[in-house]
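Below is one structure; the comments refer to it alone.
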Amino acid sequence: MKKANRSAGSVPKVSGISKPQTVEKSKPENSSSAPTGVKPVRPGAAAALSKTKSNDDLLAGMAGGVNVTNGIKAKKSTCSSAAPSAPAPAMTISENKSKISTGTSSSAKRSTSAGNKESSSTRERLRERTRLNQSKKLPSVSQGANDVALAKRSRSRTAAEGDIRMSKSKSDNQISDKAALEAKVKDLLTLAKTKDVEILHLRNELRDMRAQLGISEDHCEGEDRSEVKETIIAHQPTDVESTLLQLQEQNTAIREELNQLKNENRMLKDRLNALGFSLEQRLDNSEKLFGYQSLSPEITPGNQSDGGGTLTSSVEGSAPGSVEDLLSQDENTLMDHQHSNSMDNLDSECSEVYQPLTSSDDALDAPSSSESEGVPSIERSRKGSSGNASEVSVACLTERIHQMEENQHSTSEELQATLQELADLQQITQELNSENERLGEEKVILMESLCQQSDKLEHFGRQIEYFRSLLDEHHISYVIDEDVKSGRYMELEQRYMDLAENARFEREQLLGVQQHLSNTLKMAEQDNKEAQEMIGALKERSHHMERIIESEQKGKAALAATLEEYKATVASDQIEMNRLKAQLENEKQKVAELYSIHNSGDKSDIQDLLESVRLDKEKAETLASSLQEDLAHTRNDANRLQDTIAKVEDEYRAFQEEAKKQIEDLNMTLEKLRSELEEKDTERSDMKETIFELEDEVEQHRAVKLHDNLIISDLENTVKKLQDQKHDMEREIKTLHRRLREESAEWRQFQADLQTAVVIANDIKSEAQEEIGDLKRRLHEAQEKNEKLTKELEEIKSRKQEEERGRVYNYMNAVERDLAALRQGMGLSRRSSTSSEPTPTVKTLIKSFDSASQVPNAAAAAIPRTPLSPSPMKTPPAAAVSPMQRHSISGPISTSKPLTALSDKRSNYGELPVQEHLLRTSSTSRPASLPRVPAMESAKTISVSRRSSEEMKRDISASEGASPASLMAMGTTSPQLSLSSSPTASVTPSTRSRIREERKDPLSALAREYGGSKRNALLKWCQKKTEGYQNIDITNFSSSWNDGLAFCALLHTYLPAHIPYQELNSQDKKRNFTLAFQAAESVGIKSTLDINEMARTERPDWQNVMLYVTAIYKYFET
């Protein structure tokens, strides 16, 4: 990088134009006295400055109550007094910021150290109190056995009470510390939100600048933009100068705000370092230091001494190469290169800014290009080239703001994850405190019972001594019958073996009955479904009958109403008929009177009257006949209605009886179905219990399989040792050949030289011939032994391969079928096992044995890994392996020998040669009856496994040159070791609790391995797994996963046959997500993310992404 010197004439212009503007912007109360040609300070910048000052005060108060207002006032006074000079304001501001940062960091350390001292002092006081109580209570102990027991009880109670008080005080201190930490983290989150608001404000100002300059975002690159800018500058030179002045003003304001953001970020980072969290885990410290030294290679000693305060504070608070070092280097480079004004300097600085920055502080620490563009931009604008400089500065600012926003999101994501972990830790702490209190109470109870038992023990001891003295006085002999005891032990052992045999037979029966139970369960579910359908149909039919009854009742009511109406009509007609009868009688009387009058009086008048009466009579008769007919009709209708009502009532009674019978039948059917459903439910619960037991058996089979694999590895090691012995014997044969040739040459030399001494020559010849015969015999014996060993080795290999291919293939198929049948119930058993802490049963011991056997990697490292096997002793599932991989994996699997095949070969050791005896000895380092022995015996014999196998290997290597008798003696002792050998180390309660914790939270072990929070540990694991993949840069759980390539790379490390990573493209997001999710679902990892939403959003929800990545880690790594 070339650096050119700037002209001396540019220095007063910088001091006259750019620096007074910065001073005026740092003092918003004097903004009215701005020089001519410079616009007054915007209210947004003043508000941002006041906000950052308030943030500084807040951080200073949080760090330890240090008053920082004096430093701020000093900063204001230095800025206002240094208006004529150019370098002075920048240096005073940087010094004041460094002082503030050192003050806050030192005050934070003082506060934390004071808190630690207070907590330690309270603990010492509590201990002294408990000691004083004990010392006060001890002298009051009287003599005698009862007094001694009382003293023991009082001591145990006081110790238990002291422990309870200590635990309570510790828990209270931890809760208060957690609350303080949560409050501080909440304050940090509020500050992060204010930073987001300030970044948005800066982006709005950048858009305003682009709008003022006339720069369109669609034409930010290319020759069209430069041509448009040149035409605008050519036509409007005065406007360009004014806009450039505004741009310089805004650049200085942005620079000040960025400096204050740097200071705040540094203080936040010190606070997080003090709290125990680190933001510099994405890059190595040496790489960051090297990268930033390349940005500022020329640093003078004077400037280094100016930034000494910052460097010392960074050494106290963080590692080398951290934010403080980089900030000090940045300020030094800015002070050192203020006198250079070439275009090469501008281009080089902009190219440095465009370099990729991954840390949360890199974007803030990159050297700002706007600082070197004050006065040269004015000169270039007068010369016609200022447009390019402004465009470059705008692009640099855009890039830096984008990087700041990305880092801010990562920081907020990490803070949210930290808050969640703090809440979880607080809950765990409360649970542990309650558990600690409960254990303290139990400890007090146990101490009391221990004191009682010790008193009883002393009492019984005195009684035993008394009885022994009585026996000695009366000369009565007493002997402990060891034979009876050993017989009792043998009887218990035999009963135990019988129980183990019965358990094995029951397990086999359960495995055989499992398919039948599953079929029965399916049939029961189908019957239950049919019964439910029948119940629904019967209910529908009963509803239909009830509706018919209601309609019939309505018809009956209507008929009754009609009958009442007809009865009323008949009654009215009867009344009318009676009235007419009375009228008829009256008329008859009148007629009689008229006849009498006619007989006595005038006949003409009588004729008229008779005529009129006759007419009335006819009318009355017609009316009576019509009324008679109406009455007959109404009576007929009434009779017909009564008949109809009677029929309807008969039908209603019959229908009601039929409905009652049907309802009774339905109730009986419903009761039967309910009883059947209850029976089915009980059968289902029994089947679930049997399924759980079968799952336990499957886990035991897994343990046996792991044991077999470890023994196979030991056999392979033994074969390697035999091959080494074979090579050693071949070397011995070669040395014997060479020695034979040398001796024959010497013999010929002796024969040539000593022909004169015939007797001596004959003696020497006879001796040489005897030696040659001996050597030939030894050579022949060694060759026969070698051929015999090679034949036996080939026979062993062939038998092992032939037997294992059939047995292990059938065994693996049976286990895979069992696992496929029980896969649906695995989730329920895991939830039930993790929901509550069970008592130590066979199931929990088997699970702890299984999980503990995966911890040591020393035994698993003996098996050679293939390129397609992701981890040793772990076969990928059937869905995750391609056909070619299955073919390549079936070879190593076929070499594993089941337990029964190896246990059958434990025969007579005296009839075997040495090497085969060694092979059998190593093969017997496994208990032959392991499938028949429950998990309790396997847990007892676990502890001596590694030690016994290593001692046996050392004995074998030490006895290579020994005689066959010593090897036979070692062979007789090796089965005794093999009875107690096992592939895993002893399972202690602490390891059990850690395994249980890792099953509940799989990220706890990862956090212990990598350090820091669980989120950062998972992020480091993802970075480690995706090392070497192109276009992968994982720095968070949101934007780093938005194209799907990170998921594909992570799953490609485990499932290379499912993901063609070389064919993937970052633009085709939907295809990437589809491939990754399908590959994960093929092995049983359910997708919790939506493909369309992931492909649509640029920043997905980091919590959902982290949950999905945790599921991948849990499946493949735990």
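Glycine is no exception: its Cβ is also placed from the backbone N, Cα and C atoms.
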Annotation match for phosphoserine in Swiss-Prot, from Ser226, Ser372, Ser386, Ser685: Ser386
Position flagged as phosphoserine [Swiss-Prot], chosen from Ser154, Ser390, Ser518, Ser853: Ser390
Ser107, Ser121, Ser385, Ser993 - the residue Swiss-Prot records as phosphoserine: Ser385
Which candidate, of Ser314, Ser454, Ser888, Swiss-Prot gives the annotation phosphoserine: Ser888
Three-state composition of the domain 'Calponin-homology (CH)' (1012-1117), taking helix and strand from DSSP: 62 helix, 0 strand, 44 coil
